[in-house]
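All remarks here apply to the structure that follows.
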Amino acid sequence: MVCGVKTLGQFIIEKQADFPYAKGELSRLLRDIAIAAKIVNREVNKAGLVDILGDIGTTNIQGEEQKKLDVYANEQFIAALTSGGECCIVATEEEDDIIHIESPVSQNAKYIVCIDPLDGSSNTDVNVAVGTIFSIYRRKSTAGKASIEDVLQKGTAQVAAGYIIYGSSTMLVYTTGKGVNGFTLDPSIGEFCLSHPEMKMPETGYLYSINEGNYVHFPEGVKKYLKYCQVEDDATRRPYTSRYIGSMVGDIHRNLIKGGIYIYPTTSRSPNGKLRLLYECNPMALIIEQAGGKASTGFDRILDIDPTELHQRVPIFIGSKNMVEKAEEMMRIYTKKSTAPEEKLETKLAGMGIVGGLD
Ligand code: AHM
Ligand code: MG
């Protein structure tokens, strides 16, 4: 029987030829991530069967509850990157500080991985798609121990980025800056197989994804854009359809295939937005741009932001080019671009003598 599938491993080796001086380190790093993803996938899929759902009772640096699966996924990716030997620092959503990988095999490692091991984990209790998002940089420093400065690089410096969606089927989608390719996990052979070669995002879509429950807290430009999406206009096929899973990977994956826009703007409660630049917005922005879409803060390109801190948050407008540009137009007209980072609501409230926020 002739085998017609191309596995992720075969594809990566084939693509290595695009980089004539590559020594295979990046390929091995991607392989390590894919191995951990398969292990996480196994746990996510049997989550309802074992006592792994629910809160673990600890909080991460952002004060959010960690789920058992978050912790499990975090451990698996760190373990795979440690034993793989190609990565010198991991920055993860689940850890306050960067993790230096100091194993004998990783002494000459030159890659930095920023990762959200299990994004959208509030959805794990209800069988809704969750994902892993990763971003890979080459360290800037040439000698000594790599440091936080090696991690705080612009999104344009990413050498690769990708996500894994643990959904009705499990997919790994990644880019090394030469287009986007998607692989579906075939559980019967335990391999990611090329299923979505050269993914391209429609320039215009008809789906918008945003947590509309926060409407009253949105900037005026976002409110105006939402009204634009909801107005009837046959020529532009409006009103658009609203689709929001609350799982960034799920929402963006759907919009990548069908066309659409995903927005997580600043709100009066989260003045810098909710999503993290290094391991959520930058990798997704690179993938979407490589597929022909656009990713912006509402004013500026996400990939051009100079990061200042590890867990930095930014507003994001990401998806089909024409939709993002329309939303940016509304932002320019109706919302004043703030030049300084806004004071956190908690700080403002504390200044007013209200401690512990409004909740
Ligand atoms: P998480 O990293 O704590 O899982 O949060 C990120 C998730 C995204 O996947 C999702 O799009 C967003 O948060 C949903 O937020 P909200 O519930 O505020 O709409
Ligand atoms: Mg996340």
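Using the three backbone atoms N, Cα and C, a Cβ is placed for every residue, glycine included.
For the Mg(2+) 1 site, TrEMBL records Asp116, Leu118, and the single candidate of Glu93, Glu94, Glu95 listed with them is Glu93. Just one of Glu280, Glu289, Glu309 is listed by TrEMBL for the same Mg(2+) 2 site as Asp116, Asp119, and that one is Glu280. Among the candidates Tyr174, Tyr240, Tyr244, the residue that TrEMBL names alongside Asp119, Gly120, Ser121, Ser122, Asn211, Lys274 for the substrate site is Tyr244. Note on the domain 'Fructose-1-6-bisphosphatase class I N-terminal' (6-197): mean pLDDT across this stretch is 90. In the three-state DSSP scheme, Glu280 (Mg(2+) 2 binding site) is classed as helix.
The Cα of Leu118 (Mg(2+) 1 binding site) lies closest to that of Glu280, out of the binding-site residues Tyr244, Lys274, Glu280. Spatially close to Asp116 (Mg(2+) 1 binding site) yet at least six residues away along the chain are Thr92, Glu93, Thr132, Ile133, Phe134, Arg276, Tyr279, Glu280, judged by Cβ distances under 8 angstroms.
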